[in-house]
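A.B. asks: First, the structure itself, so that you have it in front of you.
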Amino acid sequence: MTGKRGGVILGHVLANLCGKINRKKPLPNDGVQPPETLNRCLTTLDITLLGIGHMVGAGIYVLTGTVAKEIAGPGIILSFMLAGLVSMLAAICYAEFGTRIPKAGAAYAYTYIAVGEFWAFIIGWNICLEHMLGAASVARAWSGYVDSLLDGWIKNTTIALMGKGEFYDSDLLAQYPDILACVICLVYAVTMALGVKVTATFNGLLTLVNIGVMSLVICVGFWYADTKNWFQSDGGFLPFGFGGVIAGAATCFYAFVGFDSIATSAEEAKNPASSVPIATLVSLSAVAAGYILVSAALTLMIPTDEINPSASLPEAFGQLGLPWAKFIITIGALCGMTTTLLGSLFALPRCMYAMACDGLLFSCFGKINSFTQVPVLNLISGGIFSALLALIFDLKHLVEFMSIGTLLAYTIVAASVIILRYRPMKPESLIYAPDSSESENMDFEADSLSESSTDTISQTCDLIGGAAAGRLKPKYKWLQPLVGNVDGDRVVTAAVVLFCLFSFGICIQIKVSWTESQMQSSYWTFMFNGFILFLAFACVALISAYNQNTQGLTFKVPLVPILPAISIFSNIALMVHLSFVTWLRFFIWVSLGMLMYFGYGIHHSKQDPENTIYSILRTPTNVKQNVVSAAEQPTTNTNSIWQRFIGRKKLEMEEQVQP
């Protein structure tokens, strides 16, 4: 009897836990936002330059030389093409979400709405690490460039004063503590506390300088190009084989991670519905073209075995006897890495802010400075942690560790696009709760004496389109006996999860058995891989059998679910090519996040009914009046939404009935 009771209690606890970690945030979720808000002051040009500046930095001035010499050779061009294509697939998914949900937090906010709280926390936790690692790695590269101008004086002096020691001889940490990189992170973090508009203006100026330097590198590099460096060097164009190209693409992916800062800045954009997709596509296309052309110019100028990984472009022009070009490139490199550092420090505090507003991080991180309208505490805290990482870790370790969290975030964002497209929307979820300026316009329209019939028809179409989402299309009614008893959104979610698992399995299988299948043409290997691919295609085909909801989207990902599925597969393919040590570090960081979530976040989440106004039943009498008065605001917001659906007359009748 005791055992049965214990089983019932355990089942209840597990069911309650499962319900908590899978709870989702409703689409219009302004009701849980704090009274302080971020400042909407960024134009499309500001956001575009922010994205370009975040992407063009250490990637083009440091990563290019490292990948070309040690991983892919001249095939780095193909690596950047693959990484750019995968990034573009992820970028269009971000662009749709940025127009649908213009909120700080980007991938974290999207996952919270589409998948659930647990995976949202995992993504947010890893995004915070991503931006801290991004800032630290760029600070390391910035310091390395300055040190190269001083002929290694900083490194030699630091080692002479502090000593190398066994601690810094390990593979885990850097050879010496980089004090300059640590100071750079702290200085820029304090500077960005002045306000977002100041940061955007400073970033725009440095980005324009960087674009000019990149144009100079491309023009001069192709002028001194020698095709012998591609085809007559050791190993030819692909000295490390096609596997080196794939491994290079996994590393080069780091160069494109900055575009998610565009979605992060959506809450501070004047017109996010148009600015976010335009800025995302323009910035990523320009940066991809720049990376490909610069890497081609570099590998054409000098052989890959003569490239200096720490300062590839200045040293290459130095070997050609162009000291003036070396000086200009160094200035451009410092400007580019500064903008990348600014981009990471810009996105980090806003992700922390979004998580704190939802109760998953400490509430102190959800505060906005009333004067500068930026989360100053988050900025200072992120700067300190980034400075510590830059102090003790090497650039290579930082870049590898950063890629895995980014690829995981892009995978879940692509999956979230599919899930939300096939989820039936409630009437109150079809209209996004606007910002203050949009609210004033809507109030003006609501107070008008008449509304056009076109508006009423449009709202009706929204309702019909939202209600039809998640239902089988007429030509696929033959699937009714198979999935007819299950809600369409659950079928789609299960199919997305299975597709991710099958994609991971096929990528692992291809990586492990690639050599065997090429050398021996194993029949069973091809059969097994073909069967997994068939199951993956079947998942995509099943998703395509349902109706979508695209109402109210100003920008839509084309060919859903095919393009998001390709994005998921591509991200997973790059993830499996990362080293085992990188995966081990990733799981250690996620384990620390689990302590944070189950120790604090799950109990303080704003989606927990115990943390809402319904806890009034357990609130002392002297506090109830304040809680009830705070509960009146959502009622007003609800009335404003109903007013757009049922009209003023019905609303007035309801108000008269109320006591």
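Using N, Cα and C of the backbone, Cβ positions are placed for all residues, glycine too.
Under the heading domain 'Cationic amino acid transporter C-terminal', TrEMBL lists 555-605. Summarising the annotation, TrEMBL assigns transmembrane segment to 47-64, 107-127, 176-196, 205-225, 237-257, 278-304, 324-348, 376-395, 401-420, 491-514, 559-580, 586-603 (among others).
Describe the structural surroundings of these features, if you would.
C.D. replies: Taken as a whole, the domain 'Cationic amino acid transporter C-terminal' (555-605) shows an average pLDDT of 86 in this prediction.
The list of residues near the transmembrane segment (47-64) in space but at least 6 beyond its ends in sequence, with Cβ under 8 angstroms from a Cβ of it, reads 76, 137-138, 141-142, 144-145, 200, 203-204, 206-208, 210-211, 214, 251-252, 254-259, 261-262, 265, 269, 275-276, 278-280, 282-284, 286-287, 290-291, 294-295, 298, 309-313, 329, 332-333, 336-344, 346-347, 395, 399.
Within the chain carrying the transmembrane segment (176-196), a Cβ under 8 angstroms from the stretch's Cβ atoms is held by residues 38-39, 41-42, 135-136, 139-140, 142-143, 146-147, 154-155, 158-159, 162, 164, 168, 268, 338, 341-342, 345-346, 369, 372-374, 376, 379-380, 382-384, 386-388, 390-392, all 6 or more beyond its ends.
Cβ atoms under 8 Å from those of the transmembrane segment (205-225) belong to residues 49, 52-53, 56, 60, 290, 293-294, 296-298, 300-301, 313, 316-317, 320, 322, 325, 328-329, 331-333, 335-336, 338-339 of the same chain, restricted to positions at least 6 beyond its ends.
For the transmembrane segment (237-257), same-chain residues at least 6 beyond its ends with a Cβ under 8 Å from one of its own Cβ atoms are 55, 59-60, 63, 66-67, 71-76, 78-80, 82-84, 86-87, 130, 134, 230-231, 284, 287-288, 291, 304, 399-400, 402-403, 406-407, 514, 573-575, 577-578.
Listed as Cβ neighbours of the transmembrane segment (376-395) (distance under 8 Å, sequence separation of 6 or more from its ends, same chain) are residues 58, 62, 128, 131-133, 135-137, 139-141, 143-144, 173-175, 177-179, 181-186, 188-190, 192-193, 344-345, 348-350, 352-353, 356, 364-365, 367, 369.
Outside the transmembrane segment (401-420), and at least 6 residues removed from its termini, the chain residues within Cβ reach (under 8 Å) are 86-87, 89-90, 93-94, 96-97, 100, 107, 110-111, 113-115, 119, 122-123, 126-127, 129-130, 133-134, 137, 250-251, 253-254, 257, 260, 489, 492-493, 496, 500, 543, 549, 557, 560-561, 564-565, 567-568, 571-572, 574-575, 578, 582-583, 585-586, 589.
With a cut-off of 8 Å between Cβ atoms, the residues of this chain six or more beyond the transmembrane segment (586-603) that come close are 20-21, 117-118, 121-122, 125-126, 129, 355, 359-362, 401, 404-405.
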A.B. asks: Which sequence positions outside the transmembrane segment (107-127), separated from its termini by at least 6 residues, show Cβ-Cβ distances below 8 Å to it?
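C.D. replies: Sequence-distant neighbours of the transmembrane segment (107-127): 20-27, 29, 94, 97, 101, 260, 263, 347, 351, 354-355, 358, 360, 405-406, 408-410, 412-413, 415-417, 419-420, 423, 589-590, 593, 596-597, 601-602, 605, 607.
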A.B. asks: Under an 8 Å Cβ to Cβ limit, what residues of the same chain, 6 or more beyond the ends of the transmembrane segment (324-348), are close to it?
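C.D. replies: Same-chain residues near the transmembrane segment (324-348) but 6 or more away: 50-61, 106, 127-128, 131-132, 134-135, 138-139, 141-142, 145-146, 149, 184-185, 188-189, 192, 196, 199, 202-203, 206-207, 209-210, 212-214, 216-217, 220, 258, 260-261, 264-265, 311, 313-315, 317-318, 378-379, 382-383, 386.
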